[in-house]
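**Q** In case it helps, Swiss-Prot gives these features for our protein:
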ACT_SITE  CYS81  active site, nucleophile
ACT_SITE  HIS175  active site
ACT_SITE  GLU177  active site
BINDING   SER229, GLY230, GLY231, VAL232, ASP233, SER234, SER235  ATP binding site
DOMAIN    4-201  domain 'Glutamine amidotransferase type-1'
DOMAIN    202-394  domain 'GMPS ATP-PPase'
Amino acid sequence: MHSAILILDFGSQYARLIARRIRETSVYCELHPFDVSPQFIREFSPVGIILSGGPASIFTNDAPRVPQIVFELGVPVLGICYGMQAMAAQLGGEVENAQTREFGYAELLTEPCRLFQDIKDRINSDGKPALDVWMSHGDRVNKLPPGFTAIAFNAATPFAAMADETRRFYGVQFHPEVTHTLQGKAILDRFVHDICDAGYDWNMPDYVEEAIGRIRARVGGDKVILGLSGGVDSSVAAALIHRAIGDQLVCVFVDNGLLRLNEAKQTMETFSRNLAVNVIYVDASRQFLEQLKGITDPEQKRRTIGREFVEIFQQEAAKIENVKWLAQGTIYPDVIESAGSHTKKSGLIKSHHNVGGLPETLRLKLLEPLRELFKDEVRELGLALGLPRDLVFRHPFPGPGLGVRILGEVKYEYTELLRQADAIFIEELRNAGWYEKTSQAFAVFLPIKSVGVMGDNRSYEYVIALRAVQTEDFMTAQWAELPYTLLARISNRIINEIRGINRVVYDISGKPPATIEWE
């Protein structure tokens, strides 16, 4: 049984980062909405609890509250930002609207305490330990609860962190989970290992054996069907399930005509030939392109592609006898997004291709062997299972494929042009050592024509946009500052080698305000 940290989510945009940072310390954790039941918290049996930040103010009538049981379990508690304010207010302290709101970098001076012991960025001129942290708050604690002392402060926030060492309750007004807080990882490590006494028992080799055992116990002798896309998540799920139950797994690979260059061939070779997985190949490219005719709205394209996949998958599943389980490559961020904590207050940005597409009419039991794992853990698992590194570290690819990388209507001609351009882009990034320096890179087809000169002739051809970003969590991203010589080489190759393209542009938009994908 793993030591486990419970993270209660109050709607913070950084909540899943907290979970990732805890996992990085080799400790298992789960993120759940703040309003889970007391019974759930008891049965979870955490060795420590973290209260996330959130957008609410403690002064509103419907302000989220910390379940009282959190303070009664006798385990350490760490409140972050709003979590600290809620803890202070509920334990007898006071919170006020800050006269000076703090958003961004701040320097804090710390007092001796267990949480910050030997953790500092420097010693200031007065001999006090200083921390560089990331703040994001409009309210602040102005009176500590009984039993607490101040353990960090600056001129704007006299109680920037607080501690009740006896009960092992701590609060920090800053965000230790973001990389801008330079010692944040060390602070979280101190909390989970030294204060919560969690063991270093979350590691991939052990997880592989545990996961195989769980799959065998659940599935027994039943057959399992899985929609294999060639992406990282479904590929790792297929490899893990196959390791557990062998030929009881049947994969269905649907070629929708919207895949990357040679993706279908590479996927079939990896799984059918090299790993001896039973894979049914379905070429439905004409069917998908026919259904997409005349559709220009991105959301409608996503829904159409999803609907067609479900219909084809159902048809293939009906041909297989004695299938009792449907396997999916759902990973932990998918679970978090669909849990309904902070999502209740957020608007739809894009429909998620892994959520809501389950064909319920199949009446199959659901098997999601990766639902506990973050993306970096899925990649680590893939390597442990012997999958090729190029596949495991392949950049994310949207479920609708090139359908949402072609702006407007999807046509066969456009898919061919885009496939070639994207392949050149990725090949040159790999050759220059930039592929693994970027988190995601791809080409986008713009259905507009521009005037050019090819030799002595005027040309009027299509435009390709290139997009490459660097990010830790895909919640925010910076455009990758690729060398000009590399961009020039990519542009020259695309224009010279692909008839129909005469202009290449590079997207230098960050996220926010832009999303990573164009549609």
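Yeah, the Cβs are placed from backbone N, Cα and C, and that goes for glycine too.
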**Q** To which of the binding-site residues SER234, SER235 does the lowest count of other Cβ atoms within 10 Å belong?
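**A** Checked SER234, SER235; of these binding-site residues, fewest Cβ neighbours within 10 Å: SER234.
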**Q** Measuring Cα to Cα, how far is VAL232 (ATP binding site) from CYS81 (active site, nucleophile) in Å?
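**A** Roughly 35 Å, rounded to the nearest whole number.
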**Q** What is the nearest of the active-site residues CYS81, HIS175, GLU177 to ASP233 (ATP binding site), using the Cα of each?
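**A** That would be GLU177, nearest by Cα distance.
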**Q** Using DSSP and three states only, what is SER235 (ATP binding site)?
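**A** Once the DSSP labels are grouped into three classes, SER235 (ATP binding site) ends up as helix.
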**Q** Within 10 angstroms of the C-beta of GLY230 (ATP binding site), what count of other C-beta atoms is obtained when all protein chains are considered?
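**A** Looking across every protein chain shown, the total is 22.
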**Q** Taking each of CYS81, SER229, GLY230, SER234, SER235 in turn, which of these recorded positions have a Cα lying within 10 angstroms of the Cα of HIS175 (active site)?
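**A** Within 10 Å Cα-Cα: CYS81.
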**Q** Using the alpha carbons only, what distance in Å do you get between SER235 (ATP binding site) and GLU177 (active site) once rounded?
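**A** Answer for this pair: 30 Å between alpha carbons.
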**Q** Can you tell me which of the recorded positions CYS81, GLY230, GLY231 is spatially closest to GLU177 (active site)? Compare CA atoms only.
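**A** Closest by Cα: CYS81.
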**Q** Provide the number of Cβ atoms within 10 Å of the Cβ of CYS81 (active site, nucleophile), excluding the reference atom itself.
**A** 26
**Q** Give me the long-range Cβ neighbours of GLY231 (ATP binding site): same chain, 6+ apart, Cβ under 8 Å, in sequence order.
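**A** GLY231 (ATP binding site) has long-range Cβ partners GLY329, ARG394, PRO396, PHE397.
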**Q** Among the recorded positions GLU177, ASP233, whose Cβ has the fewest other Cβ atoms within 10 Å?
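**A** Comparing Cβ neighbours within 10 Å for the recorded positions GLU177, ASP233, ASP233 has the fewest.
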